[in-house]
């Protein structure tokens, strides 16, 4: 009898601890607490990013060769004494962002965790995985499809001229382009989240598609490192497809607007 009682008491104690943790999360945080939490999350992100960059540093030569593939046979030049070292650091940082992205996404979601409902908090790990899959998918898709088109078009603008390409500027362009593509591929998840919490309405987004497309073009112009029209369009087209995909998937989610509309019809 006593042996059965002890596990039951332990289980009750564990449930009480879980309820206590949930109650702590449900308690409104002060501004100071929010700032302290933000500082703590930022420190974790910086440390993880720094460690990831240091791990990636010995691979800078291999990474540089990978980044040169979309451009075909080109010659990159070192124009300054310190440029080669700067490029190695830049390559390490870009690679560090990709490696540490799951942790960065986790810290961001943990920061907004108090604003979520108890049931939504259980989706934290699946959301982090989905964030990383979409980000990595955007980087890979851009590397094999978008980047060769953008680089080819830009290099063709210099026909008849002798091109002297700086390795640091090339790496910066390619790195930011790939990271921008990864961020752009998060659009469906962001839209679904906004629709789910009721900040935007799916029917309004569908009705105002012209405005949405213009916003996507503006975002593409901001995200592209060179602001060239062809690069902007190359990035905007997949974002438009992802936008339409998000609206299609949103039909399977019930938002506060859908519930309100259903209640109005039932009256």
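Cβ from N, Cα, C; glycine included.
If you look up TrEMBL, you'll see 1-23 marked as region 'Disordered'.
Positions annotated as compositional bias 'Acidic residues' by TrEMBL: 9-23.
Annotated transmembrane segment per TrEMBL: 42-64 (among others), in sequence order. Long-range contacts of the transmembrane segment (42-64) within the same chain: residues 87-89, 91-97, 99-100, 103-104, 107, 167, 171, each at least 6 residues beyond the stretch ends and with a Cβ under 8 Å from a Cβ of the stretch.
Under the heading transmembrane segment, TrEMBL lists 84-106 (among others).
Under the heading transmembrane segment, TrEMBL lists 127-155 (among others).
Summarising the annotation, TrEMBL assigns transmembrane segment to 175-199 (among others). Only residues 6 or more beyond the boundaries of the transmembrane segment (175-199), in the same chain, are considered here, and those with a CB under 8 A from a CB of the stretch are 67, 90-91, 94, 97-98, 101, 127, 130-131, 134-139, 141-143, 146-147, 150, 205, 219-220, 223-225, 231, 235, 238-239, 242-243, 245-247, 249-250, 253, 255-257.
According to TrEMBL, the feature transmembrane segment maps to 211-228 (among others). Within the same chain, residues 150, 153-154, 172-173, 176-177, 180, 183-184, 205, 235-236, 239-240, 243 sit at least 6 positions outside the transmembrane segment (211-228) and bring their C-beta atoms closer than 8 Å to a C-beta of that stretch.
Annotated transmembrane segment per TrEMBL: 234-253 (among others), in sequence order. Distant neighbours of the transmembrane segment (234-253): 138, 141-142, 146, 149-150, 177, 180-181, 184-185, 187-189, 191-192, 195-196, 202, 205-206, 212-213, 216-217, 219-220, 223-224; these residues of the same chain sit at least 6 beyond its ends, with a Cβ under 8 Å from one of its Cβ atoms.
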